[in-house]
Amino acid sequence: MATLHASLFAPATRGGTRLTPLRLAAFSSLTLPIYAAQGPLAVYLPAIYAEHYGLSLATIGLIFLLERVWGAVADPLIGVLGDYGSSRLGRRRTWILAGAVVYAAAASTLFFPPAGFGAPLLAGALFLFYLGWSMIQIPYLAWSGEISRDYDERTRIATYGTVAGSIALLLVLILPTVIDQLRPDDAALKLASFGLVVIGGLVVTLPLALTAVEDNSRPPVANARMPFARAVRLILGETLLLRVILSDFAVTTGQLIRSALIVFFVSAYMRRPEWASGLFLFQFVFGIAAGPIWLRISTRLGKHRTAILGELVQVAINLGLLLVTPARFPLLLALTLAQGLAQGSGNLMLRSMVADVADKHRLETGADRTTLFFSVFSLTSKAGMAAAIGIALPLVAWLGFTPGAANSPAALHGLLLVFALGPAAAHLISAASLYRFPLDQAEHARIRRALAD
């Protein structure tokens, strides 16, 4: 068995080496407990906390927004610190292990709420949860960008992570669908099932990911310790990075406005509460197949053109929701299927593009800022989640919508408008951010050759 393990997970070499599917799947498995939490946080927890724990939508939205203020400092700080130092385990592994402890402890509070659970405890647990998330995700993304320097291989690595994330979301969507059929309105059981997947998944996948690929990351000689203010100025001076993270912020905001409102939309507007979990599940069944499709497209069009195409497709899909009425449920099913096939196109390409931008920066400055760049990418992704919940929930509440109550036609129409137009506008901004992006495959090949000299 030891010989088999050694052959499967032999150290990876950097450059153009193509990783075996088994090793890449093992490394990507850590995405499962991360994405498994993202779905419930955006889709189910706000509704459950509002309906069963007495928290208002405005309070929940405010807590998520305040968490991002905290994250705006914590995430770049993790990025700055992550580009320095070393340990016997490897600097990526060390951060991930420490983050896993914080992540699991906070998740136990969010998914297994103790007696007296309210706004203060939600805020504290959420702040620690996202801190642990950042301590795992930022070095993990940086590590994934360091495995290979090849333009297309990086997209392949990102594709495995995207597919693993879709599988995780599929799993956490199956659970509430089954629970709705067996024990409807059992909010505590739903939360517990999410918690078991997140914490149990972390226990299983953490050793797989940490042993799948060699952690050879070392801070280059050119790296010098950098004050936080200088790190901020460096980021603001990287135009290509700013365009990528703006695109990622927009696409994440659009996706999660839809996620935050879909339970309310299906239950209240469509008047089909039995489909509230099933429809999201339906979307992600097709989402699992989407990653390889967009990978194939990107080898022909390049990353930024593929991302633009995917975002424009999602603009059209979300505008199509304006035609949906309670009597046109088949149209909603068709648009949900299309959304599943289109989802992840932008996230997949953008994640890979960050590593390419880091290569360009290393060529120009001699310093490797991969972790710092991915920390900003991680920050904007989570800021998109906070913005979606912090804006969409108070907005529909302001328009008169109340969860679990009899809502007026005007309030339901307001819910429809936010559900459709919010994501459409966000995806359009995401596409516009990448228009005429100069770092394509040919330019990246030139950068790789220059770095090799």
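Glycine is treated like the rest: Cβ placed from N, Cα and C.
Note: TrEMBL annotation is automatic and uncurated.
Record features (TrEMBL):
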TRANSMEM  24-47  transmembrane segment
TRANSMEM  53-73  transmembrane segment
TRANSMEM  94-112  transmembrane segment
TRANSMEM  118-136  transmembrane segment
TRANSMEM  157-179  transmembrane segment
TRANSMEM  191-210  transmembrane segment
TRANSMEM  240-269  transmembrane segment
TRANSMEM  275-295  transmembrane segment
TRANSMEM  371-398  transmembrane segment
TRANSMEM  410-429  transmembrane segment
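Recorded stretches compared: 24-47, 157-179, 240-269, 410-429; the one with the most Cβ pairs under 8 Å to the transmembrane segment (275-295) is 157-179. Fewer than three CB pairs closer than 8 A are found between the transmembrane segment (118-136) and the transmembrane segment (157-179), and contact between the two stretches is not assigned (pairs 6 or more residues apart). For the transmembrane segment (24-47), the residues of the chain that approach it from at least six positions outside its boundaries are 8-9, 57, 60-61, 96, 103, 107, 110-111, 129, 133, 136-137, 140, 144, 147, 156-157, 160-161, 163-169, 171-173, 176, 190-191, 194, 197-199, 201-202, 204-206, 208-209, 211-213, 256, 259-260, 262-264, 280, 385, 388-389, 393, 403, judged by C-beta separation under 8 angstroms.
Packing against the transmembrane segment (94-112) from elsewhere in the chain are residues 30, 33, 37, 40-41, 45, 78, 82, 87, 121-122, 124-126, 128-129, 131-140, 191-192, 194-195, 198-199, 202, 206, 209-210: each is 6 or more residues past its ends and has a CB under 8 Å from a CB in it. With Cβ pairs under 8 Å as the measure, the transmembrane segment (410-429) is packed most heavily against 240-269, out of 53-73, 157-179, 191-210, 240-269, 371-398. When each of the listed stretches 53-73, 157-179, 240-269, 371-398 is scored by C-beta pairs under 8 angstroms to the transmembrane segment (191-210), 157-179 comes out highest. For the transmembrane segment (240-269), the list of distant contacts is 39, 42-44, 46-47, 275-277, 279-280, 307, 311, 314, 318, 326, 339, 343, 346-347, 350, 353-354, 357, 360-361, 373, 376-377, 379-381, 383-385, 387-389, 391-393, 396, 401, 403, 407, 412, 415-416, 418-419, 422-427, 429-431, 433-434, 437-439: same-chain residues at least six beyond its ends, Cβ to Cβ under 8 Å.
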